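*Asks:* Have a look at this one.
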C-alpha cells in the first residue's frame, strides 16, 4: 500500500512537472509603442532581467523614449539604492543593457516570447498591427494588448493565435504603479493566462484577473465615476473645485475627479466613454458629456495642453 502511494505521488509529481514545463516562461519581450506606457513597460521588464526590444515608427521617437527611461531609472535607483551607489550604478547598467530599440517590428518578433502592444487606442490600427505580426512571430509567442478600453477578443480575432492572446493592462506611471489587470478572453488558454500572470509577478507587480468586459475592473468603476462628476458640475449642483475637495477629504482619494480627468487626458476619457456608449447606447453610465465634448473640440485636453477643466502654467 505504501509502495502504491509512493508510486502515485511520483506520478502526480511527474504530471505537475510536465504541466509546469508546458507553461511559457517569458524571457524575451517586444514592446510596441514608445509612448509613456510602452516606455514604462519596457523599463520594468528590462529592470527585472528580461531582454526587451522597444519598437516605434521612428528613431526620433525612440531616442525620446530612451531618454525618458534613463531619467526614470535614475529616480528609481536614487530611491532604491540610496545608501548603495555602487549597487545602484550596476542596476542601471544591467537594466539599460537589457534594453534595445528598433523601428522594424516584423524583424524583432522572430525571436520573442511575448509581444505587448501599447500604441494609440485605435481598433483598426491595433488590428492591422497584430494581423501583420501574427505572420512572423513564432508559434509559442504570446500576444497581449495594454488597451484600457477596447475589447481584447476583437483584437485577438485579427490573429490566428486567439488561444495565445490576452490583455495586460498596466497603469501610469508604470514603474510606480503595482497593479496589472490580466484579461482572459473566452479563447485564452489557461497556459497563456498563467504565463501572463507569472510574467506580471516577475515584474514585481500585483496581477488581478478579469474577464473581457468594458473597462475591465479599474476603468469600469473609475470612468463612470469621473463622468458622473462632470454631470454634477454640468447641472450646476456643485463647482468642480468643491467636487474635487469633497472627494479628496470625504473619500480619501489622492486626486479629485476633475484633477484626474486633466491628468489622464480629456481626449482619452472621451474616447473611452464614446466607445462604451456605442457598445451599450442605453446604459446611462456611458452617456457622453456635452461639456467634455466641447473641451476636447477646443483642444483643451488637460495637463498635456496646459488647460482642461483647470489651467496649468
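Each Cβ is built from the backbone N, Cα and C atoms, and glycine gets one as well.
Got these off TrEMBL a minute ago, pasting:
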DOMAIN    28-213  domain '3-hydroxyacyl-CoA dehydrogenase NAD binding'
BINDING   33, 34, 35, 36, 37, 38, 56, 121, 126, 148, 172, 304  NAD(+) binding site
BINDING   72, 79, 148  CoA binding site
SITE      169  site 'Important for catalytic activity'
*Asks:* When you measure from the Cβ of residue 148 (CoA binding site), which residues in the chain that are at least 6 apart have a Cβ under 8 Å away?
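*Replies:* In sequence order, the residues whose Cβ lies under 8 Å from that of residue 148 (CoA binding site) (at least 6 apart) are 121, 169, 215, 216, 219, 272.
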*Asks:* To the nearest Å, how far is the Cα of residue 56 (NAD(+) binding site) from the Cα of residue 72 (CoA binding site)?
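*Replies:* Residue 56 (NAD(+) binding site) and residue 72 (CoA binding site) have their Cα atoms 19 Å apart.
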*Asks:* Cβ neighbours within 10 Å, counted over all protein chains: which one of the binding-site residues 72, 172 has the most?
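*Replies:* Its Cβ has the most other Cβ atoms within 10 Å: 72.
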*Asks:* Round to a whole number and give the Cα-to-Cα distance in Å for the pair residue 172 (NAD(+) binding site) and residue 72 (CoA binding site).
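*Replies:* Rounded to the nearest whole number, the Cα-Cα distance is 13 Å.
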*Asks:* Cβ neighbours within 10 Å, counted over all protein chains: which one of the binding-site residues 33, 35 has the most?
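*Replies:* When each Cβ's neighbours within 10 Å are tallied, 33 tops the list.
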*Asks:* Do you know offhand how many angstrom separate residue 33 (NAD(+) binding site) and residue 79 (CoA binding site) by C-alpha?
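*Replies:* Counting only the Cα atoms, the answer is 27 Å.
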*Asks:* Tell me which residues of the chain lie with their Cβ under 8 angstroms from that of residue 126 (NAD(+) binding site), as long as they are six or more apart in sequence?
*Replies:* 117, 119, 145, 147, 150, 155, 158
*Asks:* Is it possible to get the count of other C-beta atoms within 10 angstroms of the C-beta of residue 37 (NAD(+) binding site)?
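*Replies:* I get 21 for this one.
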*Asks:* Pop the Cα-Cα gap between residue 72 (CoA binding site) and residue 37 (NAD(+) binding site) into the table, whole Å please.
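*Replies:* Approximately 13 Å lies between the Cα of residue 37 (NAD(+) binding site) and that of residue 72 (CoA binding site).
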*Asks:* When a 10 Å sphere is centred on the Cβ of residue 169 (site 'Important for catalytic activity'), how many other Cβ atoms does it contain?
*Replies:* 24
*Asks:* Here are the binding-site residues: 56, 79. Which has the lowest count of other Cβ atoms within 10 Å?
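*Replies:* So among 56, 79, the binding-site residues given, the one with the fewest Cβ atoms within 10 Å is 79.
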